[in-house]
Structures are given as C-alpha cells and as structure tokens.
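Copied over from Swiss-Prot:
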- GLU176, ARG220, SER364, ARG368: L-aspartate binding site (BINDING)
- ARG220, ALA221, GLU222, ARG228, HIS229, LEU230, GLU361, GLY409, ILE410, GLU411, ARG412: ATP binding site (BINDING)
- GLU361: Mg(2+) 3 binding site (BINDING)
- GLU361, SER364: Mg(2+) 2 binding site (BINDING)
- 198-201: region 'Aspartate' (REGION)
- PRO91: site 'Important for tRNA non-discrimination' (SITE)
Amino acid sequence: MYALGDWRRTHYSSEVNSEMDGQEIIIMGWNHSIRKLGKLVFIILRDREGTIQIVAPKQKVSEETFATAKSLGKEDVMAIKGKVVANEKAPAGFEVIPIEIKILNKADTPLPLDPSEKVSADIDTRLDKRFLDLRRPKIQSLFKLRSEVLKSIRNTFHDNGFIDVDTPKLVASATEGGTELFPISYFDKEAFLGQSPQLYKQMMMAAGFDRVFEIGPIFRAEEHNTRRHLNEAISIDCEMSFADEKDAMEILEKVINNAFTDIYNNNQKELQTLGIDLKVQETPFPRIEYTEAVDMVNAKGVEMEWGEDFSRPAEAALGEMMDGFYFITDWPTEIRPFYTLPNEDNPKLCKAFDLMYKDLEISSGAQRNHKYDLLVEGIKRMGLNPEGFGTYLEAFKYGMPPHSGWGVGIERLMMIMACQQNIRECVLFPRDRQRLTP
C-alpha cells in the first residue's frame, strides 16, 4: 500500500475506448464514487481528463483485488492495472476489470467538500477548501480553457511579431500616480508591488523592441468587494511602436477573436462539461464614441454628465443596449491617464479606448504621448510631480517613437468565455479584500 513502485500510467481515462478490448492498461486517479453490491464492486476513477468505470466481480478477480476494491473510500488515491472489456451495456461501451489495485493514499473522512458535486457548497466554503474544489470536473475544465486561451494569445502575439518580455513587479513609485498601491519593505527604501507594467512597456519602445507583450501579475490595493474585482490578477499587456490607437484595437480584436476561435475548434469537451455554447464574434467589433455612449446612457434614464467615467448603473444601461464586444473611443482627456495622447484637432478628447463586453470592461488602451514636454505637462495636469517619474521620463528625451498599447485581465476574459458571474471562479487561489489564504 502507498507505494507506486515501477507502475506508470499508460492511459488517461479519456484515452481508453471499446476498441482496446482485451488490452492491459494502468490508470491512476481518485475514487470519485463507489458502489458495493454484494459480489460486485463498481468504482468510478477520476483523473484530469474525466472518469472511467472499473468493475470488480468477485468471481473474476483475485481475492486480494476484491478486498482492496471493497476497502476503497471516497477520494482515495489509487492506481489500477486492469483489462479493457467491451460491453455494450456499460455507459461508455466498455469497462475495466482490475487485475491489481494499489491504494496510494487514503482520504480522511468526512470530506470537508464533495468533489463529485452531489452535495453543494457556497463559494466561501469552496475557496476555503480550494484544493478539493479544484478536483471538480467543471472547475478543472474552466482552468483547462484558461490555459488554452493563454496559449492562443501567446501564439497570436508571436505570429504578429511581438517579443515576450518580463518587467519588474517591485517598483519605487505608482504607475499612474494613484494611491492603490501595496507598500512593502525593501531594505532601507520605500517600494510597492507593481500595479501595471505600463511605464516599462513604454520604455521598451524607446529601447527599439518595436512590439512587446507581457503576461504577468498586477497588484492593486482597491477596496472594492465586488464580483468583478481582485487585488491580484494576471494582466495581458502589449505595446507597439509606430502605431496609433486604431492599430492597437485591431491587434486586440485579433487576440480576442483568435482565442475564442481556438477554444471553439479545440476544446468542445471542456465547453460541454461547462454547458457552454460558445459564440465567436466577427471582427471588427462595433465602435461607439464616448459622447455617443453618454447620450445612450442618459436616454436609458441613468443620469451621467459628459466628462464622468461610467458608473455601474451606466455600464449596466450600456450592456442592455450593446451585445457582445464593442469599443468606446474618443474619451475626455481629463479622465484618462497622463500618458494618453490628446487628439490634435480637439485636445479635450484623447486617443483612448475601452473594450467592453455588454456591461463589463475588458480592456483599456490608447495611443500614448511620445513627446517629452507634453508628457511632463500631462503629469502636472494630473497633480503629480514629474520628479517621481525621472527614469521613465528620461526615456522620452532620446528618440521615443509614436506608440500605442493596451492591457486585458485574463480573469475578466474568462468570466465571459466560461459564463461565470463571479471573477473568483476564474482564479486558482483568489486574492481579494477579505481573502489572503489559502
């Protein structure tokens, strides 16, 4: 008992089928469920790829194997060497008759959470016992989709000439001058966890890297306690030289469209497990100007002044009128970050955009201000001290090209794709205002 020995898995559950009739296999996983019917034991073994039925008839297996089968408890870890037997009456058209069963570890009882989902639990209980919650097939399917989405996004970036970079997550000042920072002890200096790779992405444009992307953690000390906010998230960021905001939106559309297309083509099993009928939206996505969006919100009976950001009621009103992905463009300069480039013909508006999905903000982006003097003016206009951005500003003195970019939170993207109402469902171990463990 408990020793793997020289056994190694030959197949995942999904790889076994009735055409393997008579073949000997080794499968490994957890005891998802068990039924003991006198001289017959039915075991459902669960692994990463699904479940498989093992049938142990007393008259066809050794006495030791039958006794081991009967002794299995729920969520015990096991390895089974057995023979595939085609059986039209079996749910999958076959079953596995065990030759030998190894119990690799026993699970304590009672279980604090039921991975078979026969007993429901609220989200706080599930997150407290997340290691058990993550065994649930639906949850595993969601994170398989997440992995494939990130793979698709990386492929799209590489196919379009972007270089993968990693920027510091320990920083000396705020990216956008805000107070939403987590301070940390950094020897004898003041430091913070990075809230965005924005300034470093722009410095890479000055370095001549032309097109870069990064997928990494961001930290924001926002006191939101909603189903849409996290204090630690994974951000997908890109920056591109010699490009305006329209070029940035085009790349963003391509990234989103390719991810949805790849998932639709390659991950129907996971989509079916989650009960999702995935739709791939055609590009280009609709575009509406900020001023038009404000008028639409007011027409819905939600009061909003020009120059304000969209409140939750305003976003909800837009979501009732707009279906799927769409861009909001031409924002007021005063409410966008200091590095956003104003329009030449109307400086009150800037070359910024948000990507929305119904009422949910997915991404913010813009063409950036690449002129040193104008950037310093923008910093001062926001009530910030340019001296706090010395290293960043220096990069603009020696030939910074025009550039644009954006950032997307993978968790919000997965909320859309996996039809989740709570962003915590899309994170292995979420960090929010109340939760620092597990």
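From the backbone N, Cα and C atoms, a Cβ is placed for every residue, glycine too.
Sequence features, as recorded in Swiss-Prot, placed on the structure.
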| residue | record | Cβ within 10 Å |
| --- | --- | --- |
| PRO91 | site 'Important for tRNA non-discrimination' | 11 |
| ARG220 | L-aspartate binding site | 18 |
| GLU222 | ATP binding site | 15 |
| HIS229 | ATP binding site | 18 |
| GLU361 | ATP binding site | 15 |
| SER364 | L-aspartate binding site | 18 |
| ARG368 | L-aspartate binding site | 27 |
| ILE410 | ATP binding site | 19 |
| ARG412 | ATP binding site | 21 |
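According to DSSP, the secondary structure content of the region 'Aspartate' (198-201) in residues is 4 helix, 0 strand, 0 coil. GLU361 (ATP binding site) sits 16 Å from ARG220 (L-aspartate binding site), taking the Cα positions as reference. With respect to their backbone Cα atoms, HIS229 (ATP binding site) and SER364 (L-aspartate binding site) stand 15 Å from each other. Ranking the recorded positions PRO91, SER364, ARG368 by the distance of their Cα atoms from the Cα of GLU222 (ATP binding site) places SER364 first.
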